[in-house]
Amino acid sequence: MSLSFCGNNISSYNIYDGVLQNPCFVDALNLVPHVFLLFITFPILFIGWGSQSSKVQIHHNTWLHFPGHNLRWILTFALLFVHVCEIAEGIVSDSRRESRHLHLFMPAVMGFVATTTSIVYYHNIETSNFPKLLLALFLYWVMAFITKTIKLVKYWQSGWGVSDLRFCITGIMVILNGLLMAVEINVIRIRRYVFFMNPQKVKPPEDLQDLGVRFLQPFVNLLSKATYWWMNTLIISAHKKPIDLKAIGKLPIAMRAVTNYVCLKDAYEEQKKKAADHPNRTPSIWLAMYRAFGRPILLSSTFRYLADLLGFAGPLCISGIVQRVNETQNGTNNTTGISEILSSKEFLENAYVLAVLLFLALILQRTFLQASYYVTIETGINLRGALLAMIYNKILRLSTSNLSMGEMTLGQINNLVAIETNQLMWFLFLCPNLWAMPVQIIMGVILLYNLLGSSALVGAAVIVLLAPMQYFIATKLAEAQKSTLDYSTERLKKTNEILKGIKLLKLYAWEHIFCKSVEETRVKELSSLKAFALYTSLSIFMNAAIPIAAVLATFVTHAYASGNNLQPAEAFASLSLFHILVTPLFLLSTVVRFAVKAIISVQKLNEFLLSDEIGDDSWRTGEASLPFESCKKHTGVQPKTINRKQPGRYHLDSYEQSTRRLRPMETEDIAIKVTNGCFSWGSGAATLSNIDIRIPTGQLTMIVGQVGCGKSSLLLAILGEMQTLDGKVHWSNVNESEPSFEATRSRNRYSVAYAAQKPWLLNATVEENITFGSPFNKQRYKAVTDACSLQPDIDLLPFGDQTEIGERGINLSGGQTERICVARALYQNTNIVFLDDPFSALDIHLSDHLMQEGILKFLQDDKRTLVLVTHKLQYLTHADWIIAMKDGSVLREGTLKDIQTKDVELYEHWKTLMNRQDQELEKDMEADQTTLERKTLRRAMYSREAKAQMEDEDEEEEEEEDEDDNMSTVMRLRTKMPWKTCWRYLTSGGFFLLFLMIFSKLLKHSVIVAIDYWLATWTSEYSINNTGKADQTYYVAGFSILCGAGIFLCLVTSLTVEWMGLTAAKNLHHNLLNKIILGPIRFFDTTPLGLILNRFSADTNIIDQHIPPTLESLTRSTLLCLSAIGMISYATPVFLVALVPLGVAFYFIQKYFRVASKDLQELDDSTQLPLLCHFSETAEGLTTIRAFRHEARFKQRMLELTDTNNIAYLFLSAANRWLEVRTDYLGACIVLTASIASISGSSNSGLVGLGLLYALTITNYLNWVVRNLADLEVQMGAVKKVNSFLTMESENYEGTMDPSQVPEHWPQEGEIKIHDLCVRYENNLKPVLKHVKAYIKPGQKVGICGRTGSGKSSLSLAFFRMVDIFDGKIVIDGIDISKLPLHTLRSRLSIILQDPILFSGSIRFNLDPECKCTDDRLWEALEIAQLKNMVKSLSGGLDAVVTEGGENFSVGQRQLFCLARAFVRKSSILIMDEATASIDMATENILQKVVMTAFADRTVVTIAHRVSSIVDADLVLVFSEGILVECDTGPNLLTHKNGLFSTLVMTNK
């Protein structure tokens, strides 16, 4: 055959009837538009004209979409598909002719090239934003439309119709070209780039002008969106450089938390307005979420429907292909009467065409499916960000009583943030399945009926009858889930208390008691988890068993009830449909489970959002301007309006200009006035009543009174933290009579600086804690730190004031934390300063320095209004105004002179106490507590430095090793799956259960493969031999036995996996709790509380409920995938040839993905913890944040942390989509190669059907493998974190002596012998005590003192073996304490700590958690601690409720309870560590006498709060640099004028 365009027949070139009457010339005419476009566009593309014409140079390639962008891409893809069909049709038609006719397919080839060029050209024009170049495309579509229309008309005139494939293709192309032409006309209409005088200029998107935005999914073209092509750069670059936060940049504006918060808030407020009209109705969060995020969910659902409908192309194509192979096998295919013109029916019945259509259908299905996943994930992330913002906004408005009275705990808030928001996010991920699954099932049943007739209804009936069981199981799952969450919350609350009070628990040897309490709650939680695991197993079993039962019922019924034999095409198309039905049935339990969790989460969220809030404080934050008259009267300055919505931002450069203001007139000097005030915490009785006070402007007001009289509550009531039952708090619009306007122009006259009684610090640097968001002023900062005596402490820190002091300031002492909080209040340039008992944790020396330098000089020189709550009555002489409190009421108000005149008895009482305090001040020669704090700080810093140094050394060693290794080794380590962690998890469940799981899984999937192979043999036998009834009974019996075995094994495997996971969770939590409880105290000093708590909350939740179902799904899908590859290879061995390149491609995709995924996962983890800690910090420091009016600043910080975490998670999700799209496309390639190999080489239609069946489902299996493997890798991070704590070294609780060998009443005498004692805090640190030798006689009262870092506190800890005694020994009553079991030692000694700690429960539990004491003994202890009357007044007495942290008692009362706790034990040895620092002077003197009386015959070791308290001691131990330098009575030591003790006394006078 000669090669020519129109064929070798001369008549083919005949144009006598006109050029358009010749089909060849008409086809040639269709080449013109394509040649035109290629001729115009190629120079532009190659020369780069478009890119050089860009008016805006930015870093992203695609930043602009012309109108109709997505429609253009969709139409172009459709046109390319039609061109492929046209090429195929032309080649087939040409093969039926005697000579070659290039005109049949050459224009189609050129059209394909031109269409591809058009979209590339369009993409470049969008990139350059040069729309005038679109004119070439407009002309192209016009010419293509005209030429195709001419061709279609000629076909119509020739009598062709829809039955002719070429006519149909031409008609479709006319429509597509016309639509593309309309798109171009629309662009001209909107952009006006041609034919109009004023072209419309379009600015680039705002996000893409920001170089920090690198998440490009919303901005790239449709092809890149569908394939995540834009992610290639990030995925590949991860091999060269780890992905960091800079690499992923910021979120686009539409995805930021603040944007989505506004949407959700508006929707929720609308629901609140509707609910307000119906008293019994609560606002619906569900409707609010739908209003805010409903549209993207509908879009995702549309994608899901399209994907599900395309999924049914698989069974139909299998049926057609197997039917063609069967006809070929039986020789029944009709090949006679072939026409040169290919009909549509012939084309669609061709086996190869069906294979290609199946391939394209799979590509589209997987593209739509991944698009659906992405949209739901993006929407879920947006929802989570909005919910976090709503929760945080609510936290900032929470009523203080909710937290202090135990109605809402920190653990509950953490659960809302860490668990409930994630539950809702995951539910949104699965949401489209709720309405997609029913449609998928119905469509499957309809197609099954068309294939098998009424027998298909039997299988459908099985599904319908068993469906109610799924509902029953889902109901039980909801009940189990609810009880599990309740027990989990209770367990976390107890765990949180243990972690906060771990030092006290260890010193009192109570850790096992509290551990047992947690374990008891854990047992209850595990019982609920067992029920949850059982019903989860049944749900998984039903999902696996229902399809097998349905297939069995369908085929057995068809075998006996139908008159026709079961053909391979019917059988395997039906099996494919049943396999499609597996997915919705499998997801059903998962969706139901997450729906249940979401319902519970919404209930909790709704309760939280509707909880009580603080009252309106518009009097302090109102928008109104201040009265102008007062400003003009006193300052002569122009009036100013203050924006109350802005966070505190003060100008501090005028500090040195501040001068003392003139005292205002008596009638104008009231800053705050409370009239007839009555306040309460929550809905309880009034805490404060009959409050009528005034706070003078620019003066020092002191509030004094006994412990628990309501001093702190009064401050909080003024700040609006308490509920106002009656009366008013009036903040006067006072003037600012400042000589200098510059000094006060930025000071908010309602602004308050507040130092709470309970110190609160940020997890930030010292400088950031002091400045607290205000601009840094070096002179003011130095003045503040000097006034608070902080500079010596700062000098001890490794990085000075740039050192991060940790969450909640856990690496600082109480006094150091208190002084930083006071420094924060002093630094702020506010009108009013509230200081709540700032001296409580300070010794007298520091207190006096703070009073003189900080309050009297720094604050009063600046003439600021100061309200001071204190027990230090010696400072009353400095007060301009005094408020005396008693039993929640104001006892007296006025100046000291007024009170002297009006209440002589009160004045004389104060005078007595003040004289005592003055005497104590004169005697106090050293700041002993300060030295203790600084020594403790130095020790902690040494510990951290040593730890950091060791880590740095390890990292350097690793880096050196990495440098020595080649690149392949480095990449192997980065891509390594955490198999060791997986093995540890699996072995935690027990080797027997692990073996049973593996064996049952292998056996189950072998049986499933046997079922399908049996069916292939059965149908092939019928197809070839038309076997009779006897053989049919044989096949039915075998099929039934195999299906029954498969159903039984499904039950066994589901139960085994869940039980193994439950056992592993039980063991891991038990080991973690015991390891933490038994850990050394330095571990808690160097590890943030939030980090430890996260192991018990989020990580334990993952191990409990997420890993088992993921593990089951992973093993199932992996074995199914391996089974599929094996069966395809068996059916068509030639497939193995194609499997090699496909396997190589899959390997490299995985290789690149895993590195990037690991980096992104680490970013997600690392950005999640700061977010959780910020919520925890805010909840703990709520009163401080609100007092400073810094809510806006903290909100902004929360939004930044949320966006940072969300962008990491979004990139991680996009990377998963990147992977799945590629694995899906590889799966489609497997289907294509398997189909062509089956069509070409197989002679057995049953095996062809079997191979196609497994090839079709392998795409699902590959996706499940990848998704579950990725999920498991993420979830194993929780196991890895838990395991990292399990490797921690525990304290050595064992001793060489057996507890039974220790005398029952030891120590009875209280004799202490210290022999050559050497102590250190860690093995790599220097000793803090060196060769100490001392002897303490029974019953002696011993005082310990020394300079900073001298080691005196280390000795007290050495008595309890809280530090490492590496040499020497301590002998108590003849027994070396190093030989004693640790629990025995600590349980026989008593200690009173500086920081008071109470636990939730009862007063009885806090005094005697071991339940060893009688009520009389407990009442005696309370009476000694001056608490008996107060406890008797409480409901329940000894059984009265104590809330978490003892928040329903004042700090002083909590310390008194701690003293009573020590009295209950009545050990012969008592150690007092600054025990009276938080109580008033009168109570302290009483307690000192009580200690001397109650412990008169016992040994008392005191870490001196005042030197005066140990001068009269029986023995004084003086330490210097870890060495005991002096040991004698106080008076004797004072006789040695050159001695250290005397020197300390003299230098501090």
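Positions of Cβ are set from backbone N, Cα and C atoms, glycine also.
Looking at Asn735, Asn966, Asn1025, Swiss-Prot tags one of them with N-linked glycosylation site, and that residue is Asn1025. Just one residue in Asn280, Asn326, Asn763, Asn769 has N-linked glycosylation site written against it in Swiss-Prot, and it is Asn326.
Of the candidates Asn333, Asn811, Swiss-Prot records N-linked glycosylation site for Asn333; the remaining residues carry no such annotation there, which does not rule it out for them.
With respect to the membrane, Trp156 and Tyr392 are recorded by Swiss-Prot on different sides. Counted as Cβ pairs under 8 Å, contacts with the transmembrane segment (424-444) are highest for 302-322 among 102-122, 302-322, 351-371, 456-476, 1035-1055. Local packing around the binding-site residues Arg1347, Lys1352 was summarised as the count of other Cβ atoms within 10 Å of each Cβ; on this measure the leading residue is Lys1352. In this structure, Gly1346 (ATP 2 binding site) is part of a beta strand by DSSP. Below 8 A, the CB atoms of the transmembrane segment (1035-1055) and the transmembrane segment (991-1011) form 3+ pairs separated by six or more positions in the chain.
DSSP assigns Ser1353 (ATP 2 binding site) to a helical segment in the three-state reduction. Nonlocal intrachain contacts for the topological domain 'Extracellular' (154-167), taken as residues 6+ away from its ends with a CB within less than 8 angstroms of a stretch CB, comprise 20-21, 23, 26, 85-86, 89, 93, 341-347. Away from its own ends, the transmembrane segment (102-122) comes close to residues 3-6, 23-24, 27-28, 30-31, 33-35, 37-38, 41-42, 44-45, 72-73, 76, 79-80, 83-84, 86-87, 89-91, 93-94, 133-134, 136-137, 140, 144, 223 of its chain (Cβ-Cβ under 8 Å, at least six residues beyond either end).
With respect to Cβ neighbours within 10 Å, the binding-site residues Gly1346, Gly1351 differ, and Gly1351 shows the lowest count. Away from its own ends, the transmembrane segment (532-552) comes close to residues 459-460, 462-463, 466, 469-470, 473-474, 476-477, 480-481, 484, 574-575, 578-579, 581-582, 585-586, 588-589, 592-593, 1008, 1011, 1039-1040, 1043, 1046-1047, 1050-1051, 1054-1055, 1057-1059, 1061-1062, 1105, 1108-1109, 1112, 1116 of its chain (Cβ-Cβ under 8 Å, at least six residues beyond either end). A gap of 93 Å separates the Cα atoms of Gly1351 (ATP 2 binding site) and Asn326 (N-linked glycosylation site).
For Ser1353 (ATP 2 binding site) paired with Asn326 (N-linked glycosylation site), the C-alpha to C-alpha distance reads 91 Å. Counting every protein chain shown, the Cβ of Ser1350 (ATP 2 binding site) has 27 other Cβ atoms within 10 Å. Secondary structure at Asn326 (N-linked glycosylation site), as computed by DSSP, is helix.
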